[in-house]
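K.L.:
Below you'll find the structure I mean.
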Amino acid sequence: MDFSPAALAKSLLPRVPLLGKTAITHTLGRTEQSGKWDLRTALVTSLIRSYLLDSPPQAVSKSQKASLKDPGIKGRVWISKITMSPPAEDDIRRSIFQIIESMKEPGEAEGGYREPEMVPVEAEWTGYRAAATKKSPELNISEEEKYKEMMKEVASPTTILYFHGGAHYLMDPASHRPTCKKLAKITKGRCLSVRYRLAPQNPFPSALIDALVSYLTLLYPPPGSLHDPVLPENIVFAGDSAGGNLCLSLLQTILQFQRRDLRPLFHGSSRSIPLPAGCATASPWCDVTLSLPSHLKNAPFDYLPGRTTRPVDGIPYPPCEIWPSSPPRKAFYADDALLCHPLVSPVVAESWEGSCPLYIAVGQELLSDEGKHVAAKARRQGVEVVFEEFEAMPHCFAMIFEGMEGSRRFFNGWGAFIGMVSGGDGNRKVESKGSFVAAKTLKERPLEFETLSELKDEEIKEFMREGARNMKTFEGDPLTASKL
């Protein structure tokens, strides 16, 4: 869809009757959500759902371009833009391909995916600018000077390596500056928000390669970098939705490097790849086939299109230069052979043993089964896990409903975990805890990890295999289809 103000205003007019109906039914208590949501939540969720379900499909390239518009930098935030150079050596890239092959199911064929090159990776250092006002303009100084000014206000060693959401094909660090600013403020630290390559023109494992290059650059900065080497015990991976997927996939990749004792060359030196201090995800998308039961049962509380509301034959996107691909495939993010691979869909990862502590937060949303299963399995395998489920809340609710008490509660919990594992009071040991946070009252009750996920590993795999089989292959006019 077009995200410009004029286009949004134009598209809002025919939805006025829907908003009126929503307001009346909510006020009269006639909906399942009435006792859980305030009126604002009901109206905004209904509006987003209508945009996603009822708007005519736009070309993927048009939607992507609209989501990448930079709103500019102002207010209480420091932004310093950098570009991280890839190493001249090919070790990282080749090692990732080897790991992909080693994590396939027995009997699966080799290959079936692209082997992208390493490229320069852009990112934004983000910090909280306390002395500014909401309207303060960005200072007209160099990126290096902005970084130095930011560091004057950083009061803890916490460094957040942030991966934005957007279904792997939308948005970038500019869209997630408010989120990174909040986390930097809460932790008194800093964020490095990564502009990883987007699908569909750059399918898996392009983003994963960019993520690993970003992490290694934090640990082992090449000459000319703005930052000094960052200790792994001060780094936390964080991300929302598809960014949460990338966090967990990167963590799985590092576990594989360690289990194989791989020390790739990076800018001239053989480097170990240690675990970060923690991995903190919000509404992580862990099953790209969208096949688990919560896609049905939680549809009333989410704005994302549920399984019964998505077109049977897939969304008929108008052909453009980036979609459909050539050869055709089913999903934006990955080639068909890898839709159920654990680095594409981390919910099927076999082992989290040895992982750093995890924070996973979900709403009562379509993706909740995925997050619950990862949390339960990791805890069962000895990983310290903090899990929070927010009653009746939609996908990534805290980033949409700013100012809501539940959103503040979420950000405080997210930031507290990050600060606890990475800095603050001497990196305090994490104690595993599951919590259900009630809507409106925010009262908490404990959740037991033993009963958090009702699904077995093989059940999940079968759901996903069936889901992948039923996904439509997108085929376009060969004159316009992308050569991706």
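Placement of Cβ uses the backbone N, Cα and C atoms for every residue, glycine included.
OK, TrEMBL features for this one:
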- 160-295: domain 'Alpha/beta hydrolase fold-3' (DOMAIN)
- Ser241: active site (ACT_SITE)
- 333-398: domain 'Alpha/beta hydrolase fold-3' (DOMAIN)
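Please go over these features one by one and say how buried each is and what sits next to it.
P.N.:
Classification of Ser241 (active site) by DSSP places it in coil, neither helical nor stranded.
A mean pLDDT of 98 is what the model gives for the domain 'Alpha/beta hydrolase fold-3' (333-398).
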K.L.:
Enumerate same-chain residues with a sequence separation of six or more from Ser241 (active site) and a Cβ-Cβ distance below 8 A; give 'none' if the list is empty.
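P.N.:
Ser241 (active site) has long-range Cβ partners Gly165, Gly166, Ala167, Ala282, Ser283, Pro284, Trp285, Leu367, His395, Cys396.
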K.L.:
Quick check on the domain 'Alpha/beta hydrolase fold-3' (333-398): DSSP residue counts for helix, strand, coil, in that order please.
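P.N.:
Split by secondary structure, the domain 'Alpha/beta hydrolase fold-3' (333-398) comes out as 21 helix, 12 strand, 33 coil.
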